[in-house]
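> Here TrEMBL flags 1-20 as signal peptide. If you look up TrEMBL, you'll see 18-217 marked as domain 'GH16'. Annotation comment: TrEMBL describes Glu108 as active site, nucleophile. Positions annotated as active site, proton donor by TrEMBL: Glu112.
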Amino acid sequence: MAPIFSSFLALTLIIPLSNAQGPPSPGFSLSSRVSTVAFNTGFRNLWGPQHQKLDQGSLTIWLDKSSGSGFKSLRPYQSGYFGAAMKLQPGYTAGLSNNEEHPGDHDEIDIEFLGTTPDKPYTLQTNVYIRGSGDRNMIGREMKFHLWFDPTKDYHNYAILFFVDDVPIRRYPRKSDATFPTRPMWVYGSIWDASSWATENGRYKADYNHQPFVGQYTNFKVSGCTANSPASCRPPSASPSGSSSLSRQQALAMNWVQNNYLVYDYCHDPKRDHTQIPEC
């Protein structure tokens, strides 16, 4: 999913991890406090309608040699909580991206699964763009996680929070207006061929001998303040304290995930121009 906002934003994916130990409990289930919405209530097809199927609340999208597919929220949002349960395809999925690429000057927040090869975990990439140009050269604030998953299962401070299974994996605070997205945004989801960069920096390409590549979405969650909401509107609380600050238990769970799964942090990349990322 790829939304973006100026106040508290939470993005959640329900994808059970196969690590037997797993992270400590965050002690708070944000997803259980937000009602599920029907796809047609919150979203519409954006492109590739022939590669999209809605069946009893479950949306399936797929990519083959002819096309991928994408969907978009019916309204833009300033802040909120947005989530879905996702089921990813096992096996060879190199070169694929489950996110949406956007043209033109805009803000952007990404949760994207980058395709993989057999016996390797998916890479979950989280990203924040401010006033981006819509190409791969815009300044990204990336953190990447390697996640194993079970393919038989479905899966007023300012901050952007990323969750998997209600466990926070990343918190991006608002340190200044220059380093935080401030414009209303839409919620997107898609599957498309990103062979030039998605899997090990383009080393492995999409192999259409394995088509179709399928992604399944269920349990859509949309709860927030639209672009036209009054100033008094507040998104759901991210923690038991009633704010976007994490509780101690949530922070411990996030630290565990980052210590065990984090494989890239742009703030620690010596090749990056750190004058362009002052929040680090």
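Think of each number as a place in line: the chain as shown, counted from 1.
Even glycines carry a Cβ here, placed using N, Cα and C.
Predicted, not measured: the structure shown is a model, and the values here were computed from it.
Describe each of these features in terms of where it is and what it packs against.
All protein chains included, Glu108 (active site, nucleophile) registers 24 other Cβ atoms within 10 Å of its own Cβ.
In this view, Glu112 (active site, proton donor) is surrounded by 22 other Cβ atoms within 10 Å of its Cβ, with every protein chain counted.
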> Give the mean pLDDT for the domain 'GH16' (18-217) on the 0 to 100 scale.
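On average, pLDDT over the domain 'GH16' (18-217) sits at 80.
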